[in-house]
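What follows is a short report on a single structure.
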Amino acid sequence: MIRAFDAFSLPLLRLFDAEDAHRLAIQGLRLLPQVKPRPDDPKLAVRAFGLNFPNPVGIAAGFDKNAEAPDALMRLGFGFVEIGTVTPKPQAGNPRPRLFRLERDEAVINRMGFNNDGSEAVLRRLAARAQQGGILGVNVGANKDSSDRVADYVALIETFAPVASYFTVNVSSPNTPGLRNLQQAAALDDLLARVIEARERVRPSAGDTPVLLKIAPDLTLGELDDVVHIARSRKVDGMIVANTTLSRSPLLRERTRMNEQGGLSGRPLFRLSTRMVAETYVRAEGAFPLIGVGGIDSGGAALTKIRAGASLVQLYSALIYKGLGLVESIKTDLASTLLRTGRDSLAEIVGADAPTITAEEWPV
């Protein structure tokens, strides 16, 4: 069924503006038959952040910003779904056009600006599907015009704790002016302290919801030292590495699009984000697991991310070019690798290549 859907939808969606195509894709997912996914190979199961993931392949925030199709995505075989970024108040985001395909590079540039329906509408949707199960993360961010951005994060933790499997604190989007300043040491320490306090306040009624921190790939190694140190000291449950990049590789082929303002994702981000996964893994010293994001478009790419230090991986941009069948393809490749190498689980290879990767020349 998925192959047929991809064969029909991918050429059709290319005829539309990138954002319109995305909107159509979300609507199309909601129309798919409610067929149970094929059972995952038990060897692909991952335990991380106190949660049991059926497989390590998730969909990154940004695809289903408003929690319109999380269950359809789970039925497609994703091991977990992350919705958002959600802000307290509804937000229109930046003016269009704000989403661009770089087709020859299999990349995307976006400057969306946290466009979303706001916490009230998204909470209503999540509450309505609360009995469906599955691991559903909520990616939270601050409103652009907020006078107290930290208070926005705190409010969102308190709002979504009853329905979130985990939280992602997004301080790394490049498309909200000043947001990345929250990655600076003093600001980040204050933010995480208040977020963890909020989580503790709602624990009696909502349980112990893991809190993850999502970082940019553009941090210097000195800045990464500070970020990981603070994350460890504030006892966050994990990190997501990494968001989109503001850098532009000279190897990009779509010269007319490459200088569009915004964050770059997709295949050109793979080497940089993988290096940042390895650097973070080495610094975390086993304190918490990582989710690796950026340029994963095959089973081999997912395996590289895992061997760099990621316990789980997330996709988004590659789905635009490879289709939804990519999910099962990656899982099949990972299971085959475990069988071929005589491994019982992916946990046995997490971080195996991190020392080698961190010793390599910095990626261009």
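If you go along the chain as it appears here, the first residue is 1 and each next one adds 1.
Glycine too: its Cβ is placed from the backbone N, Cα and C atoms.
Here the structure is a predicted model, which means the values were calculated and not measured.
Summary of the site annotation: Swiss-Prot records FMN binding at ALA61, GLY62, PHE63, ASP64, LYS65, THR85, ASN139, LYS214, ALA242, GLY266, GLY295, TYR316, SER317. Screening the candidates ASN94, ASN170, ASN181 against this entry identifies ASN170 as the one listed for that site. Cβ neighbour count for ASN139 (FMN binding site): 26 (other Cβ atoms within 10 Å of its Cβ, all protein chains included). For ASN139 (FMN binding site), the spatially nearest entry among the recorded positions ARG111, GLY113, ASN170, SER173, ASN243 is ASN170, judged by CA separation. Neighbouring residues of the recorded substrate site, listed in sequence order and excluding LYS65, ASN110, ARG111, MET112, GLY113, PHE114, ASN170, ASN175, ASN243, THR244, comprise GLY62, THR85, GLY93, SER173, PRO174, THR176, GLY262, GLY263 (Cβ within 8 Å of the Cβ centroid). Among the recorded positions listed here, namely ARG111, GLY113, ASN170, SER173, ASN243, ASN243 has its C-alpha nearest to that of GLY266 (FMN binding site). Just so you know, the Cβ of PHE63 (FMN binding site) picks up 22 other Cβ atoms within 10 Å once every protein chain is counted. Looking only at Cα atoms, ASN170 (substrate binding site) sits nearest to LYS214 among the binding-site residues ALA61, PHE63, LYS65, LYS214, TYR316. The local packing around ALA61 (FMN binding site), expressed as other Cβ atoms within 10 Å of its Cβ over all shown chains, amounts to 27.
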